[in-house]
Amino acid sequence: MTLTASRPTAVEPGQSQIKRPFRPLRLVLHVFLGLVALGWLLPLLLAVYASLRPYVETAELGYFSLPRTLTLDYYSQAWSQADLPKYYLNTLIIVVPGVILTLLMASFTAFAIARLRIPGRRVLLVVFTAGNLLPPQVLITPLYTLYTLIPLPWWLSDSLSLYDSYLGLILIHVAFQFGFCVFVLANFMRTIPEEISEAAMVDGAGVWRRYWQLTLPLCRPALAALSTLQFTWMYNDFLWALVLMSSGDKLPVTSALNNLRGQFFTDYNLLAAGSLLVALPTLIVFQLLHKQFVSGLTLGSTKG
Amino acid sequence: MITRRYSRRDLAVLGFGLGAAVLVNVALIWGPTLASVALSGTDWNGISELRWIGTRNYGDLAGEYPPFWSAVRNNVLWLAFLGLIATPFGLFCAVLLDRRLKLSRVYQSALYLPVVLSLAVVGFIAQLVYSSDYGVLNAVTGLTTDWLGDSSINIWVVMVAAAWRHVGYVMIIYLAGLKAVDPALKEAAAIDGASEAQTFFRVVFPTLRPINVIVFVITVIEALRAFDIVYAINKGRNGLELLSVLVTENIVGEASRIGFGSAIAVILLVISMGFIVTYLSQLFKEDHR
């Protein structure tokens, strides 16, 4: 293991051999990790490459060949043929309220569990967290039946029931992701010094004020991490929409890819372009909020 | 410590906030879960009267429903593949990346990029690579194997795609765990003349125990939850049967054998609960210290 003394401050693999005579291992390490990283990116790069080439060309030469023509046509074709703008909007209608509601409910619950010493708080935390870990299939049937039985007014759902409505999908996302968020936030809140909240209480601040004005602003890092993660998870969902939606035009964007499959013939180059367009928002979020994404994943598993 | 009693307004806020949380959780998660257990003892098809048939669904499952056993086999394979190959590889990468290498950031990003992709998209990319007539794999190797269509090999191919995503996930978690290991431990071991391998296996790895449990359970849960990727490829048929797919197929499809589908769901539930309990007891044990 590299000792703390030999902190390599941006040393080139080659140079480090001069500094420390016996370090060919470092080069091997870089070669190995470089190859692994390349291998990991390869399928994505391949999809990008395929999406830039016309079908006729790849059909003739195969995907593993030098390009004759490169074109962005497939992107515009996927964009319009799969009606992507509409489906992006559908996803947005589901994911944005989903993330906000989840975080609101989870942060209040976490606040109550971590700060207020309400009776039974441990049981609550265990039950909520366990709910997040269930395979969705375990609750699908009764949920489906329940959804068809709950009537909604026409202005909330044109199917007149929770089934096949945006609200239904939002609710199941909230319910399913809630446990994870409560768990992460409760742990995070325990690390905030209690004195702040106690001082406010002495000053006569009520529960809501201590939650909304004192605790929540201090949870910003955890909230940022969770919203990044929740955005990605809800965006990527495939199953809930499949089971709880029936109208094709209300489906989220992950399901819209099926519109690009022909009945007899599927143009994989077009599908590649479509897949990349669908993946783009999460890739952008991941690049921009890299730190939040990683800390979100590790907060949940290693307790910050 | 908080000893003051809550004002009426405080109680109303608490009641509303927690009430909503509990309501949503019971109505949409635990209620339906319990209802699944109850439905698994009936032969309901969604329309008919509820009729109690005891454990007959479970008997039929084991005896007269061939996809069930291939699904069990595939789920076990899936678990073994993720657990014995993908997870150790993720740990291995984490250990390598833990040494403040230059470019470490780049390697890390590449490894966990697939984590942010929808499994549905991963499924489509898999088709691009594995397609029999113009997939890249056949083009490069010169083979004519039908990687996704041949029911004796397609599960392996799909597991590789799933592992592609799993490795990055495991790597992040282990990397965070390794960063938290006290460097003094490693130094002490090095001063005592331990080799790197010895330091890792005798000193570092044992301190990762809580993380190992968590990764183990995440791996199991991922293996039990696996669904999207096979569904995106061929709707989980012809060699790609998984328990989760069978549940969905029996319930959503035209068959609508809800009682039967629920029985499969309950089996999934029982296995998951075992691991969920392990996971939570590990997590909450730390609280007591």
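Cβ coordinates are placed from backbone N, Cα and C, and glycine is handled just like the others.
Remember, TrEMBL labels are computer predictions, not curated facts.
What TrEMBL lists as domain 'ABC transmembrane type-1' is B:72-281.
Under 8 Å from some Cβ of the transmembrane segment (B:12-31) lie the Cβ atoms of residues 6, all in the same chain and six or more residues away from its ends. What TrEMBL records for B:12-31 (among others) is transmembrane segment.
Positions annotated as transmembrane segment by TrEMBL: B:76-97 (among others). Cβ atoms under 8 Å from those of the transmembrane segment (B:76-97) belong to residues 104, 107-108, 111, 155-156, 159, 162-163, 166-172, 174-175, 177-178, 200, 215-216, 219-220, 222-224, 226, 242 of the same chain, restricted to positions at least 6 beyond its ends.
Residues or ranges marked as transmembrane segment by TrEMBL: B:109-130 (among others).
Among the features that TrEMBL reports, transmembrane segment is placed at B:153-176 (among others).
Residues or ranges marked as transmembrane segment by TrEMBL: B:258-280 (among others).
Counting residues 6+ beyond its ends, the transmembrane segment (B:153-176) has Cβ neighbours under 8 Å at 74, 77-78, 81-82, 85-87, 89-91, 93-95, 97-98, 108, 111-115, 117, 119, 122-123, 125-126, 130, 145, 147, 208, 211, 214-215, 218-219, 222, 226, 229-230, 233-234, 238-240 in the same chain.
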